[in-house]
Amino acid sequence: MAMTLEEAPWLGWLLVKALMRFAFMVANNLVAIPSYICYVIILQPLRVLDSKRFWYIEGIMYKWLLGMVASWGWYAGYTVMEWGEDIKAVSKDEAVMLVNHQATGDVCTLMMCLQDKGLVVAQMMWLMDHIFKYTNFGIVSLVHGDFFIRQGRSYRDQQLLLLKKHLENNYRSRGRKWIVLFPEGGFLRKRRETSQAFAKKNNLPFLTHVTLPRSGATKIILNALVAQQENGSPAGGDAKELDSKSEGLQWIIDTTIAYPKAEPIDIQTWILGYRKPTVTHVHYRIFPIKDVPLETDDLNNWLYQRFIEKEDLLSHFYETGAFPPSKGHKEAVSREMTLSNMWIFLIQSFAFLSGYMCIGSGFFISNWSSPACTREVIIQDFTPELPL
């Protein structure tokens, strides 16, 4: 009983903080998302006149929105430590991120750790489950050009055709350069048993920290975006050798997310902040596209090898609390990812100010345009004529 009484104030304060954070998240969404939509509508003439500039501005606003989501976890003490290769070196090139998937917090983690990688977030396209289309952020993703994929064997062929068409219509026309893909096709806890049964049946490695990846979406992306040189080989190579104007997909970034004690963070925890401050660890390994096979069987084997390596990386992390050193290095080097509090304050302030202006403008117009509203307003003998 004594322990319960001692814990009561702490639990009470935790509940109050969770409610306050939830209220702020709701308010943040109510002002930021309508403001984004409002600006997109206002900028439609620019889309006609200069489509490239329109999508650049839209991408910046998209980055700000994802920055707001990242800030919810940042202020709850959910930070990121980065390992492996520095992906800032390829942030201006076209790349695909292959990420293991454990929980909804994986997406939030990526939203956070990619904020300081230049325009990566602004120029990024996400491939996500179709259920996210019906969330509060769904309309933003639809405008931005993210792709919602429906899971299931019966939908697979149709969805891959839709993905191919979506890339052709939206990827380069909107200035996109990065794609985030979760090849496992679902959360680890939901797919692990099925994956292990498939591995046993087909004499493949038994994995516990990841599942065997699916190659359909990866193959579509590579075939659609890899630029072919005159000799037929994919465009790729070292970053120093690439011309700044070269086109086509250039890198595959194998991304591995690890949570302490293998306890992933979900979106509810990210929003409410009831879990103690946690450091999520993200490991990167960069592959030139010229080293990635495009034929189906070879690509399958290549992807399997990447996830076998992820298994080893995660096993080492859970045993030691750190990722192993990269090849050619004696010690593993980590980099603490940070967000600028001033930058967060500025984008949040802009969102709330924009929301206030949008709501105020809507209220003003609705009052002037309402047929039931009768007013006598004389401003220098000028009577505004607003459409009903």
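Including glycine, each Cβ sits where the backbone N, Cα and C put it.
As stated in TrEMBL, the feature transmembrane segment covers range 131-149 out of the listed 112-130, 131-149.
Assigned with DSSP, the residues of the domain 'Phospholipid/glycerol acyltransferase' (95-219) fall into helix, strand and coil as follows: 57 helix, 18 strand, 50 coil.
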